[in-house]
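**Student:** Provided herewith is a single structure, encoded as structure tokens, for subsequent inquiry.
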Ligand SMILES: O=C(O)[C@H](O)COP(=O)(O)O
């Protein structure tokens, strides 16, 4: 019998309080997440029903706690067609430029020997392209596969029937909560022309202050309410289970998450800038996040000295490729 735990919240998905389960547990209890016009209904179901997130993950898929340590990689998407034109983009769904594609591939090379078990992206194509392109460079050679849970049909029709193939795959969860801040009436306007019209100071406040929203848009604070809540409720539990996570998202949704990880004040976050396509590494250990900078490349010694686990992972990859 299905137990229904329904939360009509925007910007946060809650697990039942007694559940420490991964989104991808090996047990029969799992938590399908259903999107309903910005609302979530979470149901705990039993194995007798159609597994929702079992498309890719089988009971033997190793999403279980092996360690109290996990890697977290954050990547802002590569340059988009509107970054190139210097337009406010926000939630408008534009693809990458050729330069953005190259940046995503370069980011992939830089993280190619850092473990990734699970990928979260926004629902916008520029972040999804970035994650996919970056993973083409990963030395694990696993295939990132987007999990579609918008309907029962989508779940059933994308089911993978080979245990071996599923083991060679990495689940990708697309979540609107990780989208760029909604830039309101600035979306589509040229940033320079907007500064000429409203003044540099005003535009800087709209873009970088924590509390001030752009006209009819989201402030960074409002963006943080959904992005950080999603991170806490859905991503951090995976890290706590020892799953290594890659997040491909946006300048402002990532600024709000970094503010949370680095415990920045609302003043400090105003000077945080993220370049397109630049991966940032954190280690989650003993319930704390340690910022480890941006890996320069797969041959960089420094990154692998951070933790024994990273060094072991890399050694295994090296051995398997020799
Ligand atoms: O949405 C946008 O225009 C950019 O991706 C982020 O813009 P910002 O640097 O002006 O906040």
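Cβ atoms here come from the backbone N, Cα and C positions, even for glycine.
Those TrEMBL annotations? Automatic predictions, nothing curated.
Feature list, courtesy of TrEMBL:
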| type | residues | note |
| --- | --- | --- |
| ACT_SITE | 77 | active site, tele-phosphohistidine intermediate |
| ACT_SITE | 180 | active site, proton donor/acceptor |
| BINDING | 76-83, 89-90, 126, 180-183, 191, 207-208, 251-252 | substrate binding site |
| SITE | 250 | site 'Transition state stabilizer' |
**Student:** Where does residue 76 (substrate binding site) sit in DSSP terms: helix, strand, or coil?
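**Tutor:** For residue 76 (substrate binding site) - judged by DSSP and reduced to three states - the answer is strand.
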**Student:** Among the recorded positions 79, 82, 90, 191, 250, 251, whose Cα is within 10 A of the Cα of residue 180 (active site, proton donor/acceptor)?
**Tutor:** 90, 250, 251
**Student:** Using a 6 Å cut-off on Cβ distance, which of the recorded positions 76, 77, 79, 181 come close to any atom of ligand 1?
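**Tutor:** The recorded positions passing the 6 Å Cβ test: none.
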**Student:** Helix, strand or coil by DSSP: which one applies to the residue listed as 'active site, proton donor/acceptor'?
**Tutor:** coil
**Student:** Look up residue 250 (site 'Transition state stabilizer') in the DSSP assignment and report helix, strand or coil.
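**Tutor:** The three-state answer is coil.
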**Student:** Work out the three-state DSSP category of residue 90 (substrate binding site).
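**Tutor:** Note: residue 90 (substrate binding site) is coil by DSSP, not helix or strand.
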**Student:** Check residue 191 (substrate binding site) against DSSP and tell me helix, strand or coil, would you?
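**Tutor:** Helix, per DSSP.
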**Student:** Which has the fewest other CB atoms in a 10 Å radius around its CB: 76, 181, 191, 250, the listed recorded positions?
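**Tutor:** With the recorded positions 76, 181, 191, 250, fewest surrounding Cβ atoms within 10 Å: 191.
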